[in-house]
Structures are given as C-alpha cells and as structure tokens.
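Chemist: Let me give you the structure first, and then I'll get to my questions.
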Amino acid sequence: MIKIAVCGAAGRMGQRLINSVQEAEGVCLSGVLERPAHPLVGQDAGLVAGCGALGVSISDDLNAVIAGCDVLIDFTAPKVSLKNLEACGLQRKSIVIGSTGFTPEERQLAMELTRNISAILAPNMSVGVNVCFKILKDIAATLGDDFDVEIVESHHRMKVDAPSGTAVRMGQVVAEALGRDYDRVANFHREGITGSRTKDEIGMQTIRGGDIVGEHTVYFIGMGERIELSHRAMNRDMFSRGAVRAATWVVGQAPGLYDMQDVLGLK
C-alpha cells in the first residue's frame with residue numbers, strides 16, 4: 001500500500017486529490033498539508049473534501065506529513081513546490097508536482113534538488129493532454145515549415161499565470177519537432193501595425209474568464225487547409241487521477257526528474 005500525502009487541502013485541486021486517492025486501489029491517504037495557521041488545520045480532510053470522515057487531520061507541519069508518506073502530491077505554486085521538493089529530498093521521499101509557472105531557473109533548481117529522490121514535474125497530469133503532446137510532435141514533424149502554428153488556451157478567471165504551462169509545453173513540443181528555438185519564436189503579443197507574420201513564429205493567445213477548467217487548441221494553418229488539435233477538460237478529476245497514477249509510478253524509480261511522458265511510456 002503506497003502512502004500518499006496531499007499538499008494544499010483547501011484548494012480545488014487539493015480536494016479533488018483527496019477524493020482521487022480515496023477512490024484509487026493500492027494507495028491510502030497518509031497526510032494532508034496546509035499553510036501554517038490556516039483555518040482548516042486540525043479538521044478532518046475527508047469532511048473538507050466532501051468524501052466523508054477519513055480520520056486524517058489537516059496539518060501545517062510539513063516535515064511530519066512528509067515523514068509519514070511515501071510520496072507527496074503538490075499542486076501549489078513554484079516557490080512552495082521547490083520548498084516542498086527540498087524537504088522531500090532531505091527525507092528521501094518522492095514527490096509529484098503539478099504546479100505551473102516555473103521559470104527556467106526554477107526548473108534547473110528542481111533538477112538539482114532531485115539528485116537523491118525521484119520526482120515528477122509536469123504542467124498537466126491529464127492522460128489525454130499527454131497523448132496530445134505526442135500527437136503534436138508527429139503532426140509538426142510531418143507538416144514541416146509549410147504550416148503556420150498558433151496556440152489558443154482558455155482558463156478560469158482565477159488562474160494566476162499565463163500562458164498556461166500546458167500551452168507552453170505544446171509550443172515547446174512543436175518547436176522541438178521543427179528544429180526551432182521556442183524562446184525565440186514564441187509570439188505572445190500582437191497589437192497595432194505588426195507587419196506580416198514571420199515564417200518561424202508560434203503564436204500564443206490566452207483567454208481568461210468564468211470557470212473554464214482548461215481548453216487548448218493548436219492550429220496548423222496551411223494554404224487552403226487547416227488542422228486543429230483540441231483538448232477540453234470538463235472537470236479537475238482527470239488531473240487528480242493522473243497525479244495519483246504518477247504518484248504510484250514514481251515511488252521506487254531511480255533518482256531524477258521525470259514527467260508524465262515517462263509515466264505513460266510515451267517517450
């Protein structure tokens with residue numbers, strides 16, 4: 001039985017994670033973490049998540065929660081995730097990170113912090129999205145430079161980073177398949193007299209509003225034809241189920257930083 005702890009019990013993802021751990025086979029909820037002095041600290045995690053009393057109280061003691069688990073699932077923010085990753089490293093415990101908005105420097109630090117533990121850092125835990133990453137690579141490599149690429153992503157009004165980590169990864173996958181430098185060709189701004197579209201650029205458009213869970217569409221636009229690859233998240237359960245799947249996979253893996261492509265055998 002793999003013991004899973006969840007970070008961020010008060011959040012929407014944290015609550016879905018608690019439910020998904022309870023529904024999965026071969027795992028159990030060993031601990032739930034919230035920030036110090038949060039009003040939910042001390043309450044039963046199952047009651048907070050709406051799945052009935054579990055006998056697991058929400059804690060604000062990071063080290064104690066990590067000590068009691070085999071793997072920690074973290075959907076918070078980059079700075080918090082890196083702190084939790086470092087704490088897991090000190091206790092030789094695995095971690096699954098679903099936070100988005102990491103800078104290149106923060107990703108590099110994450111790699112350095114996984115010298116002694118196995119960890120997963122992925123912008124999207126959905127199985128469907130990760131299959132899309134693989135499909136995008138094949139489409140881009142086949143079409144080559146004859147098609148323009150544009151990416152449109154939509155999320156709820158509360159999302160704090162833009163573009164989404166998933167959209168960025170989609171752009172990186174396409175750029176890699178086409179032999180382009182993503183940081184150079186990604187275009188996030190079009191306004192006024194922009195001139196003609198450059199051949200290499202990958203456009204990135206962001207929509208924020210309401211309660212959209214997450215939608216991504218990649219357009220491959222040619223002369224007289226267009227291919228659209230879309231993924232729409234109907235709820236957060238697919239993210240939480242994917243995270244639990246990742247947690248069961250990462251325990252026992254060799255030290256290093258992995259992603260969902262590794263979990264699903266898509267590399």
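Glycine is no exception: its Cβ is also placed from the backbone N, Cα and C atoms.
The structure displayed is predicted, hence computed values, not measured ones.
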Chemist: Since Swiss-Prot lists Gly8, Ala9, Ala10, Gly11, Arg12, Met13, Gly98, Ser99, Thr100, Ala122, Pro123, Asn124, Met125 for NAD(+), which candidate among Glu34, Glu150, Glu153 does it give for that site as well?
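Modeler: Swiss-Prot lists Gly8, Ala9, Ala10, Gly11, Arg12, Met13, Gly98, Ser99, Thr100, Ala122, Pro123, Asn124, Met125 binding NAD(+), and from Glu34, Glu150, Glu153 it also lists Glu34.
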Chemist: Would you say which of the recorded positions Arg12, Arg35, His155, His156, Lys159 has the most Cβ atoms within 10 Å of its own Cβ?
Modeler: His155
Chemist: Starting from each candidate's C-beta and looking 10 angstroms out, tell me which of the binding-site residues Ala10, Ala122 has the most other C-beta atoms.
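Modeler: Buried the deepest by this measure is Ala122.
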Chemist: List, in sequence order, the same-chain residues at least six positions removed whose CB sits under 8 Å from that of Thr166 ((S)-2,3,4,5-tetrahydrodipicolinate binding site)?
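Modeler: Listed in sequence order: Thr100, Pro123, Asn124, Val129, Glu153, Gly214, His216.
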Chemist: If you measure every Cα to Cα distance among Gly8, Ala9, Ala10, Gly11, Arg12, Met13, Glu34, Gly98, Ser99, Thr100, Ala122, Pro123, Asn124, Met125, the residues said to bind NAD(+), what is the biggest one in Å?
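Modeler: Between the most distant Cα atoms of the NAD(+) site, 22 Å.
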Chemist: At a 10 A cut-off on CB-CB distances, which of the binding-site residues Gly8, Gly165 has the highest count?
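Modeler: For the binding-site residues Gly8, Gly165, the Cβ with the most other Cβ atoms within 10 Å is Gly8.
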